[in-house]
Amino acid sequence: MEKPAAEPEYLSGFGNHFSSEAVKGALPLDQNSPLACPCGLYAEQISGTSFTTPRKFNQRSWLYRIKPSVTHEPFHPRLPRHERLVSEFNESTSSATPTQLRWKPVDIPESPTDFIDGLYTICGAGSSFTRHGYAIHMYAANKSMSGCAFCNADGDFLAVPQKGRLSITTECGKLVVSPGEIVILPQGFRFSIDLPDGPSRGYVAEIFGEHFHLPDLGPIGANGLAAARDFLVPTAWFEQASHPGYTIVQKFGGELFTAKQDFSPFNVVAWHGNYVPCKYDLSKFCPFNTVLIDHGDPSINTVLTAPSNKPGVALLDFVLFSPRWLVAEHTFRPPYYHRNCMSEFMGLIYGIYEAKADGFLPGGASLHSCMTPHGPDTKTYEASIAVGENSEPVRLRGTMAFMFESNLIPRVCPWALDSPYLDANYYQCWIGLRSHFSSNNRSENGSLDVPGTTQVLSEEQGIECTHTWRHVPVIRIRIRDFHHGRPPHARTRAELVLRCLGRAPPNRYFLCHLSDETLKQFVSLDIIQKVVRPGNTPMMPRLYLPLGGTKIIT
């Protein structure tokens, strides 16, 4: 294991105009490119947008460095070629498939592998050459980068480490990024990644021709979701020593090229601007959720968005599913079943995702492309329905999942489709979902009941039992008037229900139409242990927990 990485100092904010200097006075005053820069430095601008991009979207920084970036030898194709990086998605590089896909976490490689060689593309759309599209990569590495730096000329990286910290040296300074944090490495910046914890694994989204922004909050107001002040930007740091044979590895059009130089690219003594790397701690995200009914759309969990040229439609959103309270009443609380015009790639940093009871593991991934059906697996559905209307507020703990969502349909790389980590049985997690439809049964609030077999346990006493209620296995008890044209008195009615309970299968809910007087008799007969949830309207069932653990719904 390598030496622990010390946490550097940071600046705070997102989209700010920052200034930082490692040597006091190294930043020039009053202008960007003086005839002679302080400390004998060179002025170099890095532009993240065109010069004429509107000011509110314009991104650039000025770097003041010991030697300019241009002092390197010519680029040559890197050999051997990296065969699993793609930035041009077409029939020759990738395949279209509407099938739901899921991958198990990959093993850490046994041979020495740094971040560059451990990076591989899963899927994507568009092209870095046309400056429109995205790529989704994963990485697995066990070795720090040494004597080299990586530069991505194709687009911005958003990296999500799942295992092991990343100690990243950039031209603006140092960042240490832990699992549970994300880092943005903008197009064109040179960086080197060390692995202070040894083996590392994670996810990377790459966008072509756009940059990430904080989403508009709309009716949420001025506060919430990801706060700008929680994003951290490095402070100036530099190294001056000579580095003969230092290698710059540049990703250009999805291919890798190398160039040699005799100095470190991390020789920036001071800088200012708004085009900078940054990191964000996902635990600081302030989620919003429904507080009465229904399941909110996942867009309420957007951390960052890269917009398309169509309002309200994202080239790529980064969406977070973090710990939060689930409180909706009369609601199926897991994510709903869905067919989406957007495509959804999901990853899991730790814990269990709320819509998948098993099979979706930390370090794994899934892809549900445009209009491909998806949703909770059978176990999640049945567990949620079994709770019924007796669902108390629940805090979702110990989980951190995320989604890359795009309006562009992804094509999948051949090695991802042929991977031994591809879960060929993924589809079976939904096979157990069965039909519950019945046009005859309606629940107490007027909605359709789930069908079930109906039995009359005691015809002469008119006790009728049905085995489903709102997707929950139940016994429905209805006591008819067979007692000389008059309803049986409360104690008789309670005794009849008790007799029915004795004949019923164990561990069932019971739905009964009982008067308050009959309920008192239940208490006197020690049938009811406690009131779980009092009803407050005639249309709302009341839930009771009898001795023995079986629930009565009245």
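Yeah, the Cβs are placed from backbone N, Cα and C, and that goes for glycine too.
What TrEMBL records for this protein:
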DOMAIN    9-282  domain 'Homogentisate 1,2-dioxygenase N-terminal'
DOMAIN    283-437  domain 'Homogentisate 1,2-dioxygenase C-terminal'
ACT_SITE  HIS295  active site, proton acceptor
BINDING   HIS338, GLU344, HIS374  Fe cation binding site
BINDING   TYR353, HIS374  homogentisate binding site
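Per-residue pLDDT, averaged across the domain 'Homogentisate 1,2-dioxygenase C-terminal' (283-437), gives 93. Those residues of the chain, other than HIS338, GLU344, HIS374, with a C-beta within 8 angstroms of the mean position of the Fe cation site C-beta atoms are PRO335, ARG339, ASN340, HIS368, THR372, PRO373, GLY375. Around the Cβ of GLU344 (Fe cation binding site), the same chain contributes LEU367, HIS368, SER369, HIS374, MET403, PHE404, GLU405, each under 8 angstroms and 6 or more positions distant in sequence.
Ranked by how many other Cβ atoms sit within 10 Å of their Cβ, the recorded positions HIS295, HIS374 place HIS295 at the bottom. Counting every protein chain shown, the Cβ of HIS338 (Fe cation binding site) has 15 other Cβ atoms within 10 Å.
Distance from the CA of the residue listed as 'active site, proton acceptor' to the CA of TYR353 (homogentisate binding site) is 15 Å.
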